[in-house]
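Listed in TrEMBL for this protein:
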type: DOMAIN; residues: 316-512; note: domain 'Glycosyltransferase 2-like'
type: TRANSMEM; residues: 68-87; note: transmembrane segment
type: TRANSMEM; residues: 108-128; note: transmembrane segment
type: TRANSMEM; residues: 173-199; note: transmembrane segment
type: TRANSMEM; residues: 482-511; note: transmembrane segment
type: TRANSMEM; residues: 517-535; note: transmembrane segment
type: TRANSMEM; residues: 634-651; note: transmembrane segment
Amino acid sequence: MPPNMGTLSDWWAREARKGTPVVVTMENPNYSVVEIEGPEMEVFSSSEKGRGKNAKQFTWVLLLRAHRVANCMAWLATVVWALPRAVRKRLVNQSEEKPEKSRLLYKFIRAFSIISLAVLCLELVAYWKGWHFQRPDLDLHLPERLEISSWAHGAYLTWLGFRASYIAYPIQILSKFCILLFVIQSIDRLVLCLGCFWIKFKKIKPTLESDPLKEGSNYKYPMVLVQIPMCNEREVYDQSISAACQLDWPRDRFLIQVLDDSDDDSIRTLIKAEVAKWSQQGVNIVYRHRLLRTGYKAGNLQSAMNCDYVKDYEFVAIFDADFQPSPDFLKRTVPHFEGKPDLGLVQARWSFVNKDENLLTRLQNINLCFHFEVEQQVNGVFLNFFGFNGTAGVWRIKALETSGGWMERTTVEDMDIAVRAHLNGWKFIYLNDVKVLCEVPESYEAYRKQQHRWHSGPMHLFRLCLHDVLTAKISAWKKANLILLFFLLRKLVLPFYSFTLFCVILPLTMFVPEAELPIWVICYIPVFMSFLNILPAPRSFPFIVPYLLFENTMSITKFNAMVSGLFKLGSAYEWVVTKKAGRSSESDLQKTVEGLPQFHKHVSESALIELIKEEKKISVPRGKRVNKIYKKELALALLLLTAAVRSLLSAQGIHFYYLLFQGVSFLLVGLDLIGEQM
């Protein structure tokens, strides 16, 4: 039977294995002991340490090397055998789905790929015929009439003249513009890294002038509202509720709101049972479900803030359904508001329970570690402003109310309220040492939808709040920072040049050699910037090349989202709840089982039996999920691989390798071979 596709996904998802010590012991005492740490160790380095060499020792080493080679060849054979099967399964699943409406971007990429294939065929014919194929660094030589051998030769020469006169110049202008944006954005990234290094060097971090929670202090615990918005979160609802109920804060000084927008009756029943369980244990917790579910998360939060009892609370902590704050979260965040009436937000860092689950989660961890360690920390220390991450933060309720509250106008309600609070003079603090456990998407489908929302929403918000920023009573420096850096450079320029420069212009220059990009744009700066991005996650250094390729692969999704948000296209207001896996549910379940005796003391036996029966009855299996095929990524893979073949004709080594590996990266993502395999 052919091998299962799980073999390929296991390889794609497993950790980079470290060398395991292998000890080879000879029975003859004349032979020495050889330790082989890994494939990178020099075989004969032991000779420098005085170890003996002999024929049998050499034979053992060769046998070990041969064993590794055999395993590698077997793995390659498995991959080659399993890959067509995986592709065939995806094609079958794709044919069963309803065809989507053709998108403009996909049509453009498809037409571009077809034209590139036609031009490649023409270039191959010209190369084999010897029709004066020229390198871009040489002057174009157009033969005299007597030198033209056929009508095809003449047509090819006409194409060369047209290419040099009319096509090369616009491409050169566009490429220079994108390179300029690339350099500016790289400088911004470098400045952020230098700011982070300065913070580490000076050990700068938000501190408390005095610890109000120390023994003997007369600190009056403020009233804190804890909100947990969720929607059809079957896998993780119990984790967030359990973690929130175990917060170390006086029971009479905080209230938990479980804001359930689920449209599945079985999930609602499960959440109600979980809330009832903790309420029986004396926790102040309420369950809220909206009949009219408008405005997504923003509408859910605003509806909860309209409750009459909210006026008795001073702060609100927000946690998404997959977030599990530690018991001391409130004690490490709320005291920072003491004596700072202009402080509106305290944001904590995210930490990921499934960051090592597969290659996709590892690459997400690199990006998010840079975001929190560098971007959020630097902006918090030097500007007292950053984008609210939507969860794992504590707001002063007065700051929310004076800034207009939660608005439903975009899919990034967290960034919206942060910008409006900043315009009203509120300051923010970021705590890099306070971490809250959560999940990152494990499947490419979920990650893709999440990134679409995260990149279309800011551009939509930029359209809506530009006038408010320009007319706000804040300094010109703050206005420039909001417009030029926060929105344009980091939300618009980055996806624009990433897609245009590396996915369109670069393959195009293979067919128009007069506009060839310099090597430092293709290799040196991208590798250096990837190195900077990985610094906050040093364990991820082995993944620097996959990270660079995957970031360029994701540029098509981010570019499409940016355009839809900027021009308010159909998908600009698309909200899809990110699928969770509930990776920590096993340990939570164990804790629940261990805690059943205590729970039994507070709840009657009949009520407990009914609750367990109800949970079993409504524990229905989830619908079947399948891996998909992504046409835009596959079309770009065809374009890049075609350009790679074309680059061979002009012996452009670095261009060929980059286009080849980038094309393979698009191919793997287009076939959904990255992330969770269904």
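A Cβ is built for glycine as well, from the same backbone N, Cα and C atoms used for every other residue.
These figures come from a predicted structure and were not determined experimentally.
Per-residue pLDDT, averaged over the domain 'Glycosyltransferase 2-like' (316-512), rounds to 95. Within the same chain, the transmembrane segment (517-535) stays apart from the transmembrane segment (108-128): fewer than three Cβ pairs sit under 8 Å, each pair at least 6 residues apart.
It is 482-511 that, among the stretches 108-128, 482-511, 634-651, forms the most Cβ pairs under 8 Å with the transmembrane segment (173-199). Sequence-remote contacts of a segment are chain residues at least 6 beyond its ends whose Cβ falls under 8 Å from one of its Cβ atoms, and for the transmembrane segment (634-651) they are 106, 109-110, 112-113, 116-117, 119-120, 123-124, 127, 133, 135-136, 503, 506-508, 510-511, 513, 556, 659-660, 662-664, 666-667, 670-671.
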